[in-house]
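Q: Sequence annotations record features per position, and here TrEMBL assigns region 'Disordered' to 79-159. The transmembrane segment annotation in TrEMBL covers 41-62, 172-190, 202-221, 228-245, 251-269, 276-292, 342-361, 395-418, 430-457, 464-482.
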Amino acid sequence: MRAADLKNALVAAILAGIIIAPIYGVQIVRAGAGTALQPDWPMILGGMALVFLFQLFRPLALGPLTQWRLKRQQLRSGEAWGPFLPPGRPKAKSAPSGGSEPRSDEAWGPFLPPGRPKAKSAPLGGSEPRSGEAWGPFLPPGRPKAKSAPSGGSEPRSGEAWGPFFPPFVRLRLVGLCALLLAVSLPFIADRAQIDIATLALIYIVLGLGLNIVVGFAGLLDLGYVGFYAIGAYAYALLYHWAGWGFWQSLPVAGFAAAMFGFLLGFPVLRLRGDYLAIVTLGFGEITRLVLTNMQSITNGPDGIAGIAKPTVFGLPMTRRAPEGQMTFHQWAGWDFSTQDMLVYMYFLALILALCTLLVTSRLQRMPIGRAWEALRDDEIACRSLGLNPARIKLSAFTLGAMFAGLGGAVFAARQGLVNPESFTFTESALVLAIVVLGGMGSQAGVILAAIVLTIVPELARELVEYRMLIFGLVMVLMMMWRPQGLLPARRPHVELEP
């Protein structure tokens, strides 16, 4: 243990105490006729001790891990096996780029059985150890051989030999089909609380996929995404309260209203990037919440709007009793009324919205606008040199991302039956942004996984509600240290040049 490690641990503990003290380490208690601040020293000192020990022993834990990774790399390259190889067995030849080819069959030629042919050399000098050509005479008749790459190199694990049986797109579709079947069957095997939590998770999936357009695809940091979420929710609540519109009439209006605000927000941020862009979007989210709080005559101020109607099924309400002259859905279907029917209906409604959002964002990513977003994210100067207009690209990202937030807000208002400004604080923006970062920016599968994890895990740890944000922040720090690319990172297109 070095002196520098001890110094870093002490500095980290002091900083942790400065952060913990005003948030968790001070309580307001009554002192006679007034109040006083009472420090919670066990909380402060305990947090500082945990941070000190973690920072102190982190190098000791990472040291063996680094050595293990280095040893594994040596084993793969063949360097670690040099002293144990027989004298007649030559070492692996170096590749043109400086790497080794430890799995080439050329080095093992003298030791192979007579009937086993050696691997053929590629035109560039590389071998094809797993291409299947050398094992052709020994393969069953129905098992096709692997095709050679156009450049003559090998494709050791591409899976082309098994292509007719399980191509990559078939495997991807099988995984998606299994996930869809599980999602469809969940309401029939879960209880009321689990269905309600799953519905909330689907709403966060919609929000995460929408923010992924802005942050993951276009590379624009947005800290005020909850503002569009609130606009969609209040659009449905106000249309129902003042105009008597139903859910299906208000849903497209909510998405359109949020998209318009996203378009208007895009103009002030056309020349901004990085921290300045984050500050402007953060201000938009807070201004939206304050406006909704102060417009007492329209939004009912801090109390919000209650009694929001639930969605109907083809105009049939899913209530116990229908208005005079109408029929309820359970009467039309011929079954008994159950309060769980509305929960199941809201779940499937959120599921359909999440699937539509996933489909639309996937198609947008493959379209020219999606490539333009990625070009803007990687290098704005290069984007301009290609003849692309960054202003239009940013506006399209903000507009489409805001639209999905508005649709999710309308579903949230229908699920809750009540909206108020306290439902749309900065914490919601931070949570949705954490979903995108934790899952992997630009990765839609990662966003879905992170939304499920960050929605279900807090519900399972309700006993630790006081420390939930602390644990959440610690998990994010650990993720940035050991897996900064996210749970399921997106695959970046790349081109390799061979000499």
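Here the Cβ of each residue, glycine as well, is placed from N, Cα and C on the backbone.
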Q: If you count every Cβ pair below 8 Å, which range out of 202-221, 251-269, 276-292, 342-361, 430-457 shares the most with the transmembrane segment (172-190)?
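A: Selected stretch: 342-361, with the most Cβ pairs under 8 Å.
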Q: For the transmembrane segment (395-418), which partner among 228-245, 276-292, 342-361 gives the most CB pairs under 8 Å?
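A: Answer, by Cβ pair count: 228-245.
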Q: As a test: from 276-292, 342-361, 430-457, pick the stretch that has the greatest number of Cβ pairs under 8 Å with the transmembrane segment (202-221).
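A: Per the Cβ under 8 Å count, 430-457.
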Q: Which residues of the chain, 6 or more past the ends of the transmembrane segment (342-361), have a CB below 8 A from one of its CBs?
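A: Long-range Cβ neighbours of the transmembrane segment (342-361): 180, 183-184, 186-187, 192, 195-196, 198-199, 202-203, 205-206, 209-210, 212-213, 310-311, 313, 318, 404, 407-408, 411, 414-415, 444, 448.
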Q: Same chain only, please: residues at least 6 beyond the ends of the transmembrane segment (430-457) with a C-beta under 8 Å from a C-beta of the stretch. Say none if there are none.
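A: Cβ under 8 Å, 6 or more out: 197, 200-201, 204-205, 207-209, 211-212, 215-217, 222-223, 225-226, 358, 361-362, 365, 374, 472, 476, 479, 485-490.
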